[in-house]
Amino acid sequence: MTGLGKRRPARSRSGVSGLRERRQPASVERSAGSEGRRELVIQGLAHDGRGVARDVDGKTVFVEGALPGERVQASVHRRRKRFDEAHVSEVIAASASRVAPPCRHYGSCGGCDLQHLSLEAQRDHKREVLRELLARQGIELPGASSLLADAGEGYRRRARIGVRVDSNGQVRLGFRARHSHRLVDLDDCPVLLPALSSLLRPLREQVESLEAPRHVGHLELLASDGAVTLVVRQLREHVADQRRWRAFAEAQGLHLGAWLGRESPRFEWLTPPPALHCRLTAGRRTLVLGLEPSDFLQANEAVNQRMVDTALSWLAPALSPVAPGTRVLDLFAGIGNFSLPLATQGAEVSAVEGSTAMVERLAGNAARNQVAVTARQADLNDAEACRRLLATTAPEVLVLDPPRSGAEALCRQLVEHPVPWVLYISCDPATLARDAAWLVSAGYVVRRSAVADMFAHTSHLESMLLLEHPDSARRQQGASTDG
(Lines of atoms letter the chains of each structure in order from A and count residues from 1; the text may use other names and numbers.)
(Lines give C-alpha, C1' and ligand atoms only; values in the text may rest on other atoms or scores of the structure.)
Protein backbone atom coordinates (compact mmCIF):
# COMPACT_ATOMS: atom_id res chain seq x y z
CA MET A 1 0.00 0.00 0.00
CA THR A 2 1.64 3.17 -1.13
CA GLY A 3 0.94 6.45 0.64
CA LEU A 4 0.12 9.89 -0.64
CA GLY A 5 2.88 12.46 -0.18
CA LYS A 6 6.65 12.46 0.13
CA ARG A 7 8.25 9.78 -2.00
CA ARG A 8 10.51 7.70 0.20
CA PRO A 9 12.92 5.16 -1.29
CA ALA A 10 11.82 1.55 -0.93
CA ARG A 11 13.33 -0.47 1.89
CA SER A 12 15.35 -3.56 1.18
CA ARG A 13 14.18 -6.67 2.97
CA SER A 14 16.34 -7.86 5.80
CA GLY A 15 16.84 -11.14 7.58
CA VAL A 16 18.01 -12.07 11.05
CA SER A 17 21.35 -12.63 12.76
CA GLY A 18 23.22 -10.50 10.29
CA LEU A 19 21.83 -12.22 7.18
CA ARG A 20 20.51 -9.60 4.81
CA GLU A 21 18.70 -10.47 1.65
CA ARG A 22 20.50 -9.23 -1.45
CA ARG A 23 19.23 -8.98 -4.97
CA GLN A 24 20.61 -11.89 -6.94
CA PRO A 25 21.08 -12.44 -10.66
CA ALA A 26 18.42 -14.36 -12.48
CA SER A 27 19.81 -17.72 -11.26
CA VAL A 28 16.44 -18.10 -9.57
CA GLU A 29 14.22 -21.15 -9.73
CA ARG A 30 10.49 -21.06 -9.19
CA SER A 31 9.34 -24.36 -7.75
CA ALA A 32 5.83 -25.68 -8.14
CA GLY A 33 5.98 -29.44 -7.62
CA SER A 34 6.30 -31.58 -4.52
CA GLU A 35 10.09 -31.37 -4.74
CA GLY A 36 9.73 -27.76 -3.60
CA ARG A 37 7.82 -28.66 -0.42
CA ARG A 38 9.54 -29.00 2.93
CA GLU A 39 8.53 -29.50 6.53
CA LEU A 40 10.23 -26.81 8.60
CA VAL A 41 10.38 -25.62 12.19
CA ILE A 42 10.34 -21.83 12.35
CA GLN A 43 13.11 -20.46 14.56
CA GLY A 44 12.50 -16.72 14.38
CA LEU A 45 10.93 -13.79 12.59
CA ALA A 46 12.86 -11.74 10.05
CA HIS A 47 12.65 -7.96 10.09
CA ASP A 48 10.23 -8.04 7.16
CA GLY A 49 7.85 -10.40 9.00
CA ARG A 50 8.78 -13.68 7.32
CA GLY A 51 9.49 -16.76 9.38
CA VAL A 52 13.09 -17.99 9.43
CA ALA A 53 14.02 -21.67 9.37
CA ARG A 54 16.90 -23.90 8.34
CA ASP A 55 16.40 -26.96 6.16
CA VAL A 56 18.06 -30.34 6.67
CA ASP A 57 21.17 -29.06 4.88
CA GLY A 58 21.41 -26.00 7.13
CA LYS A 59 20.35 -23.57 4.42
CA THR A 60 18.29 -20.60 5.58
CA VAL A 61 14.70 -20.45 4.36
CA PHE A 62 12.50 -17.35 4.64
CA VAL A 63 8.87 -18.45 4.91
CA GLU A 64 5.97 -16.06 4.29
CA GLY A 65 3.06 -16.54 6.67
CA ALA A 66 5.02 -18.55 9.26
CA LEU A 67 5.56 -17.65 12.92
CA PRO A 68 8.28 -18.53 15.46
CA GLY A 69 7.83 -21.94 17.06
CA GLU A 70 5.54 -23.25 14.35
CA ARG A 71 5.98 -26.46 12.37
CA VAL A 72 4.83 -25.87 8.81
CA GLN A 73 4.71 -27.42 5.39
CA ALA A 74 6.36 -24.80 3.17
CA SER A 75 6.46 -24.52 -0.61
CA VAL A 76 9.71 -23.09 -1.96
CA HIS A 77 8.98 -20.61 -4.73
CA ARG A 78 12.45 -19.14 -5.18
CA ARG A 79 15.93 -20.60 -4.72
CA ARG A 80 18.97 -18.42 -4.22
CA LYS A 81 22.59 -19.19 -3.53
CA ARG A 82 22.57 -18.26 0.16
CA PHE A 83 18.93 -18.81 1.08
CA ASP A 84 15.57 -19.94 -0.26
CA GLU A 85 12.19 -18.22 -0.18
CA ALA A 86 8.99 -20.08 0.55
CA HIS A 87 5.40 -19.67 1.67
CA VAL A 88 3.26 -21.69 4.06
CA SER A 89 1.12 -24.33 2.41
CA GLU A 90 0.02 -25.93 5.69
CA VAL A 91 0.42 -25.09 9.38
CA ILE A 92 1.07 -28.37 11.17
CA ALA A 93 1.58 -26.94 14.67
CA ALA A 94 0.44 -23.34 15.16
CA SER A 95 1.87 -20.61 17.38
CA ALA A 96 -0.28 -19.27 20.22
CA SER A 97 0.23 -15.84 18.62
CA ARG A 98 -1.43 -16.87 15.34
CA VAL A 99 -4.79 -15.17 14.72
CA ALA A 100 -7.37 -15.05 11.95
CA PRO A 101 -6.55 -12.13 9.61
CA PRO A 102 -9.14 -9.32 9.80
CA CYS A 103 -9.10 -8.83 6.01
CA ARG A 104 -10.50 -11.34 3.51
CA HIS A 105 -7.92 -10.21 0.93
CA TYR A 106 -4.96 -10.98 3.19
CA GLY A 107 -2.48 -13.31 1.55
CA SER A 108 -3.17 -12.03 -1.96
CA CYS A 109 -3.09 -8.26 -1.39
CA GLY A 110 0.42 -7.02 -0.71
CA GLY A 111 -0.59 -4.11 1.51
CA CYS A 112 -0.23 -6.01 4.81
CA ASP A 113 2.16 -8.79 5.81
CA LEU A 114 1.52 -9.44 9.53
CA GLN A 115 -2.25 -9.88 9.88
CA HIS A 116 -1.76 -13.53 10.90
CA LEU A 117 0.18 -12.37 14.00
CA SER A 118 -1.61 -10.92 17.03
CA LEU A 119 -1.35 -7.16 17.41
CA GLU A 120 0.51 -7.51 20.72
CA ALA A 121 3.04 -9.88 19.16
CA GLN A 122 3.47 -7.60 16.13
CA ARG A 123 4.45 -4.77 18.42
CA ASP A 124 6.82 -6.93 20.46
CA HIS A 125 8.45 -7.96 17.19
CA LYS A 126 8.93 -4.34 16.13
CA ARG A 127 10.58 -3.48 19.44
CA GLU A 128 12.92 -6.43 18.96
CA VAL A 129 13.78 -5.32 15.39
CA LEU A 130 14.87 -1.91 16.66
CA ARG A 131 16.87 -3.42 19.53
CA GLU A 132 18.62 -5.92 17.26
CA LEU A 133 19.55 -3.44 14.53
CA LEU A 134 21.03 -1.05 17.09
CA ALA A 135 22.84 -3.93 18.82
CA ARG A 136 24.51 -4.83 15.52
CA GLN A 137 26.06 -1.36 15.60
CA GLY A 138 27.19 -1.86 19.19
CA ILE A 139 24.44 0.36 20.60
CA GLU A 140 22.57 -0.77 23.71
CA LEU A 141 19.26 0.77 24.68
CA PRO A 142 18.92 2.03 28.26
CA GLY A 143 15.73 0.00 28.76
CA ALA A 144 12.67 -1.29 26.93
CA SER A 145 11.49 0.99 24.15
CA SER A 146 8.25 2.84 24.79
CA LEU A 147 5.38 1.74 22.55
CA LEU A 148 3.40 4.41 20.70
CA ALA A 149 0.34 2.70 19.26
CA ASP A 150 -3.39 2.97 18.72
CA ALA A 151 -6.11 1.01 16.91
CA GLY A 152 -5.09 -1.80 14.58
CA GLU A 153 -7.84 -1.10 12.04
CA GLY A 154 -9.49 1.95 10.52
CA TYR A 155 -6.43 4.13 11.06
CA ARG A 156 -5.02 5.04 7.68
CA ARG A 157 -5.96 8.52 6.43
CA ARG A 158 -4.20 8.48 3.06
CA ALA A 159 -3.67 5.92 0.33
CA ARG A 160 -2.79 5.51 -3.32
CA ILE A 161 -5.18 3.19 -5.15
CA GLY A 162 -4.03 1.44 -8.32
CA VAL A 163 -6.26 1.27 -11.40
CA ARG A 164 -5.91 -1.25 -14.25
CA VAL A 165 -8.13 -2.10 -17.20
CA ASP A 166 -7.50 -5.56 -18.68
CA SER A 167 -7.78 -6.62 -22.32
CA ASN A 168 -11.46 -7.49 -21.80
CA GLY A 169 -12.20 -4.04 -20.43
CA GLN A 170 -12.59 -5.24 -16.84
CA VAL A 171 -11.56 -2.60 -14.29
CA ARG A 172 -9.41 -3.59 -11.33
CA LEU A 173 -9.06 -1.14 -8.48
CA GLY A 174 -6.98 -1.83 -5.39
CA PHE A 175 -3.44 -2.51 -4.20
CA ARG A 176 -0.68 -4.59 -5.71
CA ALA A 177 -0.55 -8.30 -5.09
CA ARG A 178 2.36 -9.65 -3.10
CA HIS A 179 5.54 -9.81 -5.24
CA SER A 180 3.64 -8.65 -8.32
CA HIS A 181 2.50 -5.65 -10.32
CA ARG A 182 -0.92 -7.29 -10.63
CA LEU A 183 -3.69 -5.46 -8.78
CA VAL A 184 -5.90 -7.18 -6.23
CA ASP A 185 -9.45 -5.95 -6.76
CA LEU A 186 -10.81 -4.56 -3.47
CA ASP A 187 -14.27 -3.58 -2.30
CA ASP A 188 -13.04 -2.59 1.15
CA CYS A 189 -9.85 -2.32 3.21
CA PRO A 190 -10.00 -2.61 7.02
CA VAL A 191 -6.86 -0.56 7.68
CA LEU A 192 -8.23 2.49 5.85
CA LEU A 193 -10.41 4.99 7.65
CA PRO A 194 -14.04 3.93 7.04
CA ALA A 195 -14.61 7.14 5.05
CA LEU A 196 -11.92 6.00 2.59
CA SER A 197 -12.67 2.27 2.57
CA SER A 198 -16.33 2.92 1.73
CA LEU A 199 -15.26 4.72 -1.46
CA LEU A 200 -13.52 1.74 -3.08
CA ARG A 201 -16.61 0.15 -4.63
CA PRO A 202 -18.10 3.48 -5.85
CA LEU A 203 -14.71 4.42 -7.31
CA ARG A 204 -14.54 1.21 -9.33
CA GLU A 205 -18.06 1.81 -10.64
CA GLN A 206 -17.05 5.36 -11.50
CA VAL A 207 -13.98 4.26 -13.48
CA GLU A 208 -16.13 1.67 -15.30
CA SER A 209 -18.49 4.48 -16.36
CA LEU A 210 -15.76 6.59 -17.98
CA GLU A 211 -15.33 6.92 -21.73
CA ALA A 212 -11.55 6.48 -21.37
CA PRO A 213 -10.88 4.42 -18.22
CA ARG A 214 -7.40 3.47 -19.45
CA HIS A 215 -6.36 7.11 -19.12
CA VAL A 216 -6.63 6.83 -15.32
CA GLY A 217 -3.22 5.97 -13.85
CA HIS A 218 -4.12 5.80 -10.15
CA LEU A 219 -6.26 7.48 -7.51
CA GLU A 220 -5.15 9.16 -4.30
CA LEU A 221 -7.33 9.53 -1.22
CA LEU A 222 -6.67 11.86 1.69
CA ALA A 223 -8.80 12.40 4.79
CA SER A 224 -8.18 15.68 6.59
CA ASP A 225 -10.26 17.40 9.26
CA GLY A 226 -13.78 16.40 8.32
CA ALA A 227 -13.22 16.23 4.56
CA VAL A 228 -12.01 13.71 1.99
CA THR A 229 -9.97 14.68 -1.06
CA LEU A 230 -9.76 12.57 -4.21
CA VAL A 231 -6.90 13.17 -6.65
CA VAL A 232 -7.11 11.50 -10.06
CA ARG A 233 -3.94 10.78 -12.03
CA GLN A 234 -5.23 11.46 -15.55
CA LEU A 235 -2.67 10.39 -18.17
CA ARG A 236 -4.54 12.22 -20.93
CA GLU A 237 -7.01 15.02 -20.52
CA HIS A 238 -10.57 14.02 -21.35
CA VAL A 239 -13.17 16.76 -21.02
CA ALA A 240 -16.22 14.48 -20.83
CA ASP A 241 -14.61 12.29 -18.18
CA GLN A 242 -13.62 15.35 -16.16
CA ARG A 243 -17.30 16.28 -16.06
CA ARG A 244 -18.09 12.77 -14.85
CA TRP A 245 -15.47 13.08 -12.10
CA ARG A 246 -16.93 16.41 -10.99
CA ALA A 247 -20.40 14.87 -10.77
CA PHE A 248 -19.00 11.95 -8.78
CA ALA A 249 -17.20 14.26 -6.35
CA GLU A 250 -20.34 16.34 -5.84
CA ALA A 251 -22.46 13.23 -5.21
CA GLN A 252 -19.93 11.83 -2.71
CA GLY A 253 -19.14 15.16 -1.03
CA LEU A 254 -15.46 15.11 -2.01
CA HIS A 255 -12.83 17.68 -2.88
CA LEU A 256 -11.48 16.78 -6.32
CA GLY A 257 -8.11 17.44 -7.91
CA ALA A 258 -6.23 15.92 -10.83
CA TRP A 259 -2.71 15.49 -12.12
CA LEU A 260 -3.15 16.03 -15.86
CA GLY A 261 -0.77 14.77 -18.55
CA ARG A 262 1.76 11.98 -18.80
CA GLU A 263 5.27 13.44 -19.09
CA SER A 264 5.12 16.67 -17.09
CA PRO A 265 1.79 16.50 -15.29
CA ARG A 266 0.27 19.63 -13.83
CA PHE A 267 -2.02 19.73 -10.82
CA GLU A 268 -5.45 21.30 -11.13
CA TRP A 269 -8.41 21.51 -8.78
CA LEU A 270 -11.58 20.29 -10.52
CA THR A 271 -13.76 21.51 -7.64
CA PRO A 272 -13.30 24.82 -5.79
CA PRO A 273 -9.85 24.79 -4.13
CA PRO A 274 -10.30 23.76 -0.48
CA ALA A 275 -8.32 24.91 2.55
CA LEU A 276 -7.04 21.49 3.58
CA HIS A 277 -5.72 21.20 7.11
CA CYS A 278 -5.08 18.80 9.98
CA ARG A 279 -4.87 19.39 13.73
CA LEU A 280 -2.28 18.72 16.40
CA THR A 281 -2.36 19.34 20.12
CA ALA A 282 0.64 20.69 22.01
CA GLY A 283 -0.10 20.98 25.70
CA ARG A 284 -3.20 23.15 25.91
CA ARG A 285 -2.82 24.47 22.37
CA THR A 286 -4.60 23.13 19.31
CA LEU A 287 -2.59 23.80 16.17
CA VAL A 288 -4.06 23.90 12.67
CA LEU A 289 -1.63 22.91 9.92
CA GLY A 290 -2.50 23.72 6.33
CA LEU A 291 -1.40 21.33 3.60
CA GLU A 292 -1.67 20.46 -0.08
CA PRO A 293 -2.49 16.97 -1.45
CA SER A 294 1.14 16.36 -2.45
CA ASP A 295 2.55 17.23 0.99
CA PHE A 296 3.89 14.52 3.25
CA LEU A 297 1.42 13.73 6.02
CA GLN A 298 1.78 10.85 8.47
CA ALA A 299 -0.79 8.20 7.58
CA ASN A 300 -1.85 7.47 11.16
CA GLU A 301 -3.16 10.59 12.90
CA ALA A 302 -3.43 9.07 16.39
CA VAL A 303 0.09 7.60 16.40
CA ASN A 304 1.51 10.82 14.98
CA GLN A 305 -0.02 12.72 17.91
CA ARG A 306 1.61 10.26 20.31
CA MET A 307 4.96 10.89 18.64
CA VAL A 308 4.54 14.65 19.04
CA ASP A 309 3.53 14.19 22.70
CA THR A 310 6.59 12.00 23.25
CA ALA A 311 8.91 14.55 21.65
CA LEU A 312 7.59 17.31 23.93
CA SER A 313 7.86 15.08 27.00
CA TRP A 314 11.41 13.91 26.28
CA LEU A 315 12.64 17.40 25.48
CA ALA A 316 10.86 19.09 28.40
CA PRO A 317 14.06 19.32 30.52
CA ALA A 318 15.81 21.12 27.66
CA LEU A 319 12.79 23.39 27.07
CA SER A 320 12.59 24.68 30.63
CA PRO A 321 9.94 27.40 31.06
CA VAL A 322 12.32 28.96 33.60
CA ALA A 323 14.73 29.73 30.76
CA PRO A 324 12.68 30.07 27.54
CA GLY A 325 14.37 30.54 24.20
CA THR A 326 16.12 27.17 23.84
CA ARG A 327 17.52 27.06 20.31
CA VAL A 328 15.98 24.17 18.36
CA LEU A 329 16.95 23.22 14.81
CA ASP A 330 14.28 21.05 13.14
CA LEU A 331 15.49 19.39 9.94
CA PHE A 332 13.21 17.72 7.37
CA ALA A 333 10.50 19.76 9.07
CA GLY A 334 7.67 19.17 6.58
CA ILE A 335 4.57 21.25 7.27
CA GLY A 336 5.64 21.83 10.88
CA ASN A 337 4.67 18.57 12.57
CA PHE A 338 7.31 19.00 15.30
CA SER A 339 8.40 22.62 14.74
CA LEU A 340 5.13 24.23 15.73
CA PRO A 341 4.50 22.16 18.89
CA LEU A 342 8.08 22.84 20.05
CA ALA A 343 7.63 26.56 19.43
CA THR A 344 4.54 26.60 21.69
CA GLN A 345 6.82 25.48 24.55
CA GLY A 346 8.91 28.63 24.28
CA ALA A 347 11.65 27.21 22.05
CA GLU A 348 13.38 29.38 19.46
CA VAL A 349 12.81 27.12 16.44
CA SER A 350 14.59 27.19 13.09
CA ALA A 351 12.92 24.76 10.67
CA VAL A 352 14.55 23.55 7.46
CA GLU A 353 13.15 21.80 4.39
CA GLY A 354 14.60 20.98 0.99
CA SER A 355 11.59 22.24 -0.97
CA THR A 356 10.93 25.96 -1.33
CA ALA A 357 7.18 25.32 -1.60
CA MET A 358 7.28 23.35 1.66
CA VAL A 359 9.21 26.16 3.37
CA GLU A 360 6.47 28.59 2.34
CA ARG A 361 3.80 26.22 3.67
CA LEU A 362 5.66 25.84 6.96
CA ALA A 363 6.05 29.60 7.36
CA GLY A 364 2.35 30.03 6.61
CA ASN A 365 1.43 27.48 9.27
CA ALA A 366 3.58 29.26 11.84
CA ALA A 367 1.89 32.57 11.02
CA ARG A 368 -1.60 31.02 11.10
CA ASN A 369 -0.97 29.64 14.58
CA GLN A 370 0.88 32.75 15.80
CA VAL A 371 4.02 30.87 16.82
CA ALA A 372 7.57 32.00 16.13
CA VAL A 373 9.30 29.62 13.72
CA THR A 374 12.00 30.65 11.26
CA ALA A 375 11.61 28.57 8.09
CA ARG A 376 14.42 28.19 5.58
CA GLN A 377 15.47 26.04 2.63
CA ALA A 378 18.64 23.93 2.43
CA ASP A 379 19.92 20.75 0.80
CA LEU A 380 20.07 18.43 3.79
CA ASN A 381 21.97 15.78 1.85
CA ASP A 382 24.88 18.18 1.35
CA ALA A 383 27.54 17.97 4.06
CA GLU A 384 28.66 21.58 3.67
CA ALA A 385 25.08 22.86 3.87
CA CYS A 386 24.62 20.86 7.08
CA ARG A 387 27.84 22.26 8.53
CA ARG A 388 26.71 25.83 7.80
CA LEU A 389 23.32 25.22 9.41
CA LEU A 390 24.92 23.95 12.60
CA ALA A 391 27.35 26.86 12.67
CA THR A 392 24.80 29.61 12.03
CA THR A 393 22.03 28.35 14.33
CA ALA A 394 24.20 26.88 17.16
CA PRO A 395 21.31 24.68 18.32
CA GLU A 396 20.93 23.25 21.79
CA VAL A 397 18.42 20.70 20.47
CA LEU A 398 18.46 19.10 17.03
CA VAL A 399 15.33 17.36 15.71
CA LEU A 400 15.67 15.04 12.71
CA ASP A 401 12.78 13.44 10.81
CA PRO A 402 14.43 12.31 7.55
CA PRO A 403 13.12 10.05 4.77
CA ARG A 404 14.13 6.40 4.65
CA SER A 405 17.58 7.23 3.32
CA GLY A 406 18.35 8.78 6.72
CA ALA A 407 20.58 11.73 7.61
CA GLU A 408 24.13 10.40 7.32
CA ALA A 409 25.61 13.64 5.96
CA LEU A 410 24.33 15.55 8.96
CA CYS A 411 25.30 12.89 11.52
CA ARG A 412 28.85 12.94 10.19
CA GLN A 413 28.91 16.69 10.81
CA LEU A 414 27.70 16.12 14.37
CA VAL A 415 30.84 14.09 15.02
CA GLU A 416 32.87 17.31 14.65
CA HIS A 417 30.19 19.77 15.78
CA PRO A 418 28.17 18.08 18.55
CA VAL A 419 24.83 19.40 19.76
CA PRO A 420 23.75 18.75 23.39
CA TRP A 421 20.53 16.92 22.46
CA VAL A 422 19.47 15.07 19.30
CA LEU A 423 15.96 13.74 18.78
CA TYR A 424 15.95 11.39 15.78
CA ILE A 425 12.59 10.29 14.34
CA SER A 426 13.03 7.50 11.81
CA CYS A 427 10.90 5.60 9.30
CA ASP A 428 13.65 3.03 8.64
CA PRO A 429 15.38 1.40 11.62
CA ALA A 430 18.31 0.25 9.48
CA THR A 431 19.35 3.78 8.49
CA LEU A 432 18.61 4.98 12.02
CA ALA A 433 21.06 2.38 13.37
CA ARG A 434 23.68 3.43 10.82
CA ASP A 435 23.33 7.12 11.69
CA ALA A 436 23.16 6.47 15.44
CA ALA A 437 26.47 4.61 15.17
CA TRP A 438 28.11 7.83 13.94
CA LEU A 439 26.67 9.73 16.87
CA VAL A 440 27.65 7.16 19.50
CA SER A 441 31.19 7.08 18.08
CA ALA A 442 31.32 10.84 18.76
CA GLY A 443 30.34 10.47 22.41
CA TYR A 444 26.55 10.60 22.23
CA VAL A 445 24.57 8.41 24.62
CA VAL A 446 21.09 7.02 23.91
CA ARG A 447 18.81 8.20 26.72
CA ARG A 448 15.34 7.19 25.48
CA SER A 449 13.82 5.07 22.71
CA ALA A 450 10.34 4.42 21.35
CA VAL A 451 8.73 2.32 18.65
CA ALA A 452 5.74 3.85 16.87
CA ASP A 453 3.32 1.38 15.29
CA MET A 454 2.36 3.75 12.50
CA PHE A 455 1.26 0.93 10.16
CA ALA A 456 -0.35 -1.88 12.14
CA HIS A 457 -0.46 -5.28 10.40
CA THR A 458 2.65 -4.45 8.37
CA SER A 459 6.33 -4.98 9.16
CA HIS A 460 6.98 -1.24 8.77
CA LEU A 461 7.95 0.55 11.95
CA GLU A 462 8.80 4.09 12.93
CA SER A 463 11.07 4.80 15.86
CA MET A 464 12.43 7.62 18.01
CA LEU A 465 15.77 7.99 19.76
CA LEU A 466 16.80 10.73 22.17
CA LEU A 467 20.58 11.10 22.36
CA GLU A 468 22.62 13.34 24.62
CA HIS A 469 26.20 14.51 24.16
CA PRO A 470 27.21 14.86 27.85
CA ASP A 471 30.33 16.97 27.23
CA SER A 472 28.47 19.34 24.92
CA ALA A 473 25.55 19.54 27.35
CA ARG A 474 27.89 20.41 30.24
CA ARG A 475 29.59 23.10 28.18
CA GLN A 476 26.19 24.50 27.26
CA GLN A 477 25.10 24.50 30.92
CA GLY A 478 28.30 26.27 31.91
CA ALA A 479 27.81 28.92 29.25
CA SER A 480 24.22 29.49 30.43
CA THR A 481 25.37 29.82 34.06
CA ASP A 482 28.11 32.25 33.13
CA GLY A 483 25.60 34.28 31.18
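Placement of Cβ uses the backbone N, Cα and C atoms for every residue, glycine included.
When Swiss-Prot records F332, N337, E353, D379, D401 as binding S-adenosyl-L-methionine, the matching candidate from Q298, Q370, Q413 it lists for that site is Q298.
DSSP labels the residues of the domain 'TRAM' (29-90) in these numbers: 3 helix, 34 strand, 25 coil. Note on proximity: among C109, C112, C189, the binding-site residues of the record, the Cα nearest D401 (S-adenosyl-L-methionine binding site) is that of C112. Nearest in space to C427 (active site, nucleophile), taking C-alpha to C-alpha distance over the binding-site residues C103, C109, C189, F332, is F332. For the pair C112 ([4Fe-4S] cluster binding site) and Q298 (S-adenosyl-L-methionine binding site), the Cα-Cα distance reads 17 Å. Within the group of binding-site residues (C103, C112), the Cβ with the highest number of other Cβ atoms inside 10 Å belongs to C112. Listed in sequence order, C103, H105, G111, A159, G174, F175, L196, S197, L200 are the same-chain residues at least 6 apart in sequence whose CB falls under 8 Å from the CB of C189 ([4Fe-4S] cluster binding site).
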